[in-house]
Every structure is written in structure tokens, then in C-alpha cells.
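Working notes, beginning with the structure itself.
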Amino acid sequence: MRVAVSGFKGRMGHEVVKTVLREADLELVAVLDHEPKEKNINEIVEFSSLDVPVFGNLSEMLEEIKPDCVVDFTTPKVGYSNTKTILEHGVRAVVGTTGFTPEQISELRSIAESKKIGALIAPNFAVGAVLMMQFAQKAAKYFPNVEIIELHHDNKLDAPSGTAVKTAEMMTETREFVKQGAADEVELIEGARGAEYEGMRIHSVRLPGLVAHQEVIFGAEGQGLTIRHDSYDRISFMSGVALSVRKTKELETLIYGLENILD
């Protein structure tokens, strides 16, 4: 498959480029960056042996290169517009950018289906993180008192993380509604109890040195249960990205969540 990478200078995008280069059945045909200084990726020392054009305009890249799939790891500010542009050009998309609303996902799915092309948006591409979300979904049926703590590097722009939101969404499918905390609790400092989602609390930590971590803490009379996943390196996401790129060939719709393509 001929693959283009959008946001290739970001930490995740850089790792995606290296992954595409490693995979025998994937070919890196273009990279995209906002206002790039380079015209070819070989102007970067690490990739000096390659011959891959660098673009600053997504539509121009799609029309000139015509890739089979675009992997997008950019920012929440442009993630939706990028994905819409990719799909409208009839190109498959794998998107790790977060911050999509349910309405935006629905609209993008309609475009994918009208074009009969596959696309996948995932808050997290680590298989371990997907298992964490599935385990939490199952546990929530028996432990409705639950809070989420997600921890990421201090350059992450959105909070809470897409993984935390997706986890909460999945738990609402099995969890009996319970509003966390005392009915008359008072926050001495605003926000001390975290964000609220369907009665659950979500807490976001941003610190240097972290990559991506999350724990889901359940409490009940006389017992507790904690489910935690840690990504110590961005390589942890790459098997999921490569799987998703290949899977888009079999799809004619947009899938939200890596768990929906795992056997």
C-alpha cells in the first residue's frame, strides 16, 4: 500500500514514518507538515537515503501523489478538517488525532460510506490500551463506582485524553448510573474533583517524562480494583497503526476504535 503521513515531524508522526519504512508491504510515498522548510525528506539527516516529497498542502499532496492511505497524527485543531479532506478525495484514512465530537465522527462516516472507502479513527493504537478499555467496560457492570486518571506528557494539547473519553463511553454501556462523590461535597479549589462524564470523574495529569498512561479505579464495599496500562515508548502504538492501515482495504465505512477491528 502506498502510504502518506500527515504530521510527520511530530513525535507520533515520526514514529509512523519509521514504521512504514520497516513494513515490507507498505511504501512511504509522501509526508505532510505545516509550513515545511524541506522539499524532500532526504534533507533530514535521519532520512538522507530516501526520496520522498514533503508537502505543506494536504489537497495538493492528495491530488499529486494519490496515496492509498493517509495516516494523520496532527492536532485536534485540524484533525477533523484533515480527515474530511482526505475522505472527500476518495483516499483511505487512519487517524490518531483526538478531539472528534460524535457529530463529526458521524459526518465522516457518511462521507466514507458514500465513497465506499475504509477509514479508522482511534484514540489509542496500543493493543494493551484497548484491552484495558475492554476490561474496564466489563468491570463497570459490577463496580459502578469508578474514576479515571490519565497521565500524558506535558505537550499534549487536549484534556481529557481521547482514551479516557473512549473508556468512559464504553463503561456507560454496562454501568449503572452512579454520581461519584458525596451529594453535598464542596470543591475547595475549583476542578479538584476532575471533569464529570455520566456521573464518573476523569482526572488529567500532564508532566514531562511521561508518554501515555491510564488507570481506571473501581471501588466497592471492602474492595477495590485498579486496571492500568502504560505506554513507555511510542513504538507501543505502531503495530496497531500498521494493522489499521491494512484493514482499511477491507472496509467501506469509518470505524471508531481499534477494538472494533481486533479479532
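Yeah, the Cβs are placed from backbone N, Cα and C, and that goes for glycine too.
Marked as active site, proton donor/acceptor by Swiss-Prot on the basis of sequence analysis: His152. Under the heading active site, proton donor, Swiss-Prot lists Lys156. Residues or ranges marked as NAD(+) binding site in Swiss-Prot: Gly7, Phe8, Lys9, Gly10, Arg11, Met12, Gly96, Thr97, Thr98, Ala122, Pro123, Asn124, Phe125. Taken from Swiss-Prot, the feature (S)-2,3,4,5-tetrahydrodipicolinate binding site applies to His153, Gly162, Thr163.
Between the two most distant C-alpha atoms of the annotated NAD(+) binders (Gly7, Phe8, Lys9, Gly10, Arg11, Met12, Gly96, Thr97, Thr98, Ala122, Pro123, Asn124, Phe125) there are 20 Å. With every protein chain in view, the residue among the binding-site residues Pro123, Gly162 whose Cβ has the most Cβ partners within 10 Å turns out to be Pro123. Same-chain residues that are not part of His153, Gly162, Thr163 yet have a Cβ within 8 Å of the Cβ center of the (S)-2,3,4,5-tetrahydrodipicolinate site turn out to be Thr98, Pro123, Asn124, Glu150, His152, Lys156, Asp158, Ser161, Ala164, Ala212, Gln214. Sorting the recorded positions Arg11, His152, His153 by the number of other Cβ atoms within 10 Å puts His152 first.
Secondary structure at Gly162 ((S)-2,3,4,5-tetrahydrodipicolinate binding site), as computed by DSSP, is helix. Of all the recorded positions listed (Gly7, Gly96, Thr98, Lys156, Thr163), Lys156 has the fewest other CB atoms within 10 A of its CB. The shortest Cα-Cα distance from His152 (active site, proton donor/acceptor) to any of the binding-site residues (Arg11, Gly96, Thr98, Thr163) is found for Thr163. With respect to their backbone Cα atoms, Thr98 (NAD(+) binding site) and Gly162 ((S)-2,3,4,5-tetrahydrodipicolinate binding site) stand 6 Å from each other. The CA atom of His153 ((S)-2,3,4,5-tetrahydrodipicolinate binding site) is located 16 Å away from the CA atom of Gly96 (NAD(+) binding site).
When the recorded positions Lys156, Gly162, Thr163 are screened for a Cα within 10 A of the Cα of Pro123 (NAD(+) binding site), the ones that qualify are Gly162, Thr163.
Gly162 ((S)-2,3,4,5-tetrahydrodipicolinate binding site) sits 21 Å from Lys9 (NAD(+) binding site), taking the CA atoms of both as reference points. Its own atom aside, the Cβ of Phe125 (NAD(+) binding site) has 25 Cβ atoms within 10 angstroms in the protein chains shown.
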